[in-house]
Amino acid sequence: MKDDTFCVMVSIMVGVVGIFSYFGFDIMVFLAETIMHSVKDRCPDCIIDFAGYYAQCLLYACFTVANLIAPVFLARFGSKKTILAAICCFTIYSSNFLLIRNYIFFPCSAIAGIGAALFYCGTGAYAAKHSTEATLARTQALSFMLMMSSMLVSGNYMIVSSALTKDSEKGNSSHNENDASYREFSDAEINTLKIGMMASSVLAIILCLLLPSRRIKGSLYVKATNITIRAQLGLIYKALKNPGLTKLIPHYIFCGAFTCFMNSIYTTSVSFTHIFAHEDNLVAFVCMSMSVGELIIGVAMGLISRRIKSFGLMPAMIMTLVWFTMWATLVMLFTPPEASMRPTKEVSILAPRLYMCTIIGVLCGFVDGSMNNVRIIASATAYPEEPAIAFCVSKFYQAAATGVFYYVSPSSSGSSESSEERKPPELYQFN
């Protein structure tokens, strides 16, 4: 098999491993705050307020620190074992649905943060090992596109779990103290999600063990031998001071902020919007629309990168800014401000619409796919001596920004005007 063909095959396999690895992770991230709110309504002492957001903050805090340690683990054990360790961390994270309590949920979230760092470091090194400078943009776009399609699989499973456990008399909705309906998750539905999440983790472990390995001529990654932990930490410190990577910090922060809004804040807003309370599968459709956006942008960038050199840098960055401007405008117009915090009857500037949620989801996929392609290519270009460490440094800044935004999000609700004091404008009324 030719090296070029092998590189494509490896990218596909890494993407498939990512689908099963992130299946449970996606469900937890997208539904964390909504599920924890449902659990707290039934068992106030089991979980704290805003547990979903604070757990994500802890996850990304551990992710931030682990990004500086992951290269050490990679140098010691290699890319395949690093990926395997990451999947085991995700499996532990998924299993916390067995019993949702503060003392289980938060430690598992911390472990997931470590797993995410190991996974990105391992897959980045594995992809670089099987890529050349000419094929990196194409292989990264392909593998990232497939990884992000895990949201398509997760969304379909959410629909199945909802259909299997839906109460035909009450439906999957409930009311908060202000009589605002929201999308509630029953214990039976949480258990169904748990089974799927753990099964996908087992499949991911099996597929990881089957990943092939081969030396590619002109490979971007060469495993260091006989390197001490102190020397490895020195390389990481050197990368943190690298002028090329330092210039990219604003982009890393942008990626982190958008990840926070995309992963949890927008999907929580959809679940907590009163008018969508009986739309049991809307979050699933939003997740799938995000995946569709990722697939479209991944295919497009992969094809264009074959014809236009360095398309993954400035041209892709301009595309990212265009998609982001469109996304931000629609979110501001069609999303109630209080919906990210609590179930609310508060209104947005324009009436929320089901089709608009899916359009916003597709735009999320466009932004996420293009901005991460820029992050990966720019990092590898800025620090070609150690691309695996460059990837970890980029995720270090991105994860730090995401964690800060998750922490600030619940705090911002205290000064907000109560949703009870806001009255719907004459533009539309809730039934």
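Using N, Cα and C of the backbone, Cβ positions are placed for all residues, glycine too.
Note that TrEMBL annotation is computational and uncurated.
The transmembrane segment feature in TrEMBL is assigned to 7-31 (among others). Listed as Cβ neighbours of the transmembrane segment (7-31) (distance under 8 Å, sequence separation of 6 or more from its ends, same chain) are residues 1, 56, 83, 86-87, 90-91, 93-94, 112, 116, 119, 123, 126-127, 130-132, 135, 138-140, 142-147, 149-151, 153-154, 157-158, 185, 193, 196-198, 200-201, 203-204, 207-208, 210-212, 216, 263-264, 267, 271, 283, 287.
Counting residues 6+ beyond its ends, the transmembrane segment (51-75) has Cβ neighbours under 8 Å at 29, 32-37, 40, 82, 85, 102, 105-106, 109-114, 116-118, 120-122, 125, 223-224, 227, 229, 232-233, 235-236, 256, 260, 263-264, 268, 386, 388-389, 392-393, 395-396, 399-400, 402-403, 406-407, 409-410 in the same chain. What TrEMBL records for 51-75 (among others) is transmembrane segment.
Residues or ranges marked as transmembrane segment in TrEMBL: 82-104 (among others).
Positions annotated as transmembrane segment by TrEMBL: 110-128 (among others). Counting same-chain residues at least six beyond the ends of the transmembrane segment (110-128), those with a Cβ under 8 angstroms from any Cβ of the stretch are 10-11, 14, 17-18, 21, 25, 28, 58-64, 66-67, 69-71, 73-74, 79-83, 85-90, 92-93, 136, 139-140, 143, 147, 211, 219-221, 376, 380, 387-388, 391-392, 395, 399.
The feature transmembrane segment is assigned by TrEMBL to 140-160 (among others).
Residues or ranges marked as transmembrane segment in TrEMBL: 195-213 (among others).
Within the chain carrying the transmembrane segment (252-276), a Cβ under 8 angstroms from the stretch's Cβ atoms is held by residues 29-34, 37, 52-53, 56, 60, 180-183, 282-283, 286-287, 290, 324, 331, 335-336, 339-345, 352, 354, 357, 360, 364, 367-368, 371-372, 375, 394, 397-406, 409, 430, all 6 or more beyond its ends. Per TrEMBL, the feature transmembrane segment maps to 252-276 (among others).
The transmembrane segment annotation in TrEMBL covers 282-304 (among others).
Under the heading transmembrane segment, TrEMBL lists 316-335 (among others). Long-range Cβ contacts of the transmembrane segment (316-335) within its own chain (Cβ-Cβ under 8 Å, at least 6 residues beyond either end) map to 251, 258, 261, 266, 269, 273, 301, 348-353, 356-357, 359-360, 363-364, 366-367, 370-371, 373-374, 377.
The transmembrane segment annotation in TrEMBL covers 347-367 (among others). Beyond the ends of the transmembrane segment (347-367), by six or more residues, the same chain brings 148, 258, 262, 266, 270, 273, 275-276, 279, 282, 285-297, 319-320, 323-324, 326-327, 330-337, 422, 424-425, 427-428, 430 to within a C-beta distance below 8 angstroms of the stretch.
Annotated region 'Disordered' per TrEMBL: 411-431, in sequence order.
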Positions on the same chain near the transmembrane segment (82-104), where near means CB under 8 A and six or more residues out: 17, 21-22, 24-25, 28, 35-36, 39, 46-48, 51, 70, 73-74, 111-112, 114-119, 121-123, 125-126, 190-191, 193-194, 197-198, 201-202, 204-205, 208-209, 211
Distant-in-sequence neighbours of the transmembrane segment (140-160), which means Cβ under 8 A and at least six residues beyond its ends: 8, 11-12, 14-16, 18-23, 26-27, 30-31, 123, 127, 131, 192-193, 196, 281, 283-288, 290-292, 294-295, 297-299, 301-302, 305, 312, 365, 368-369, 372-373, 376-377
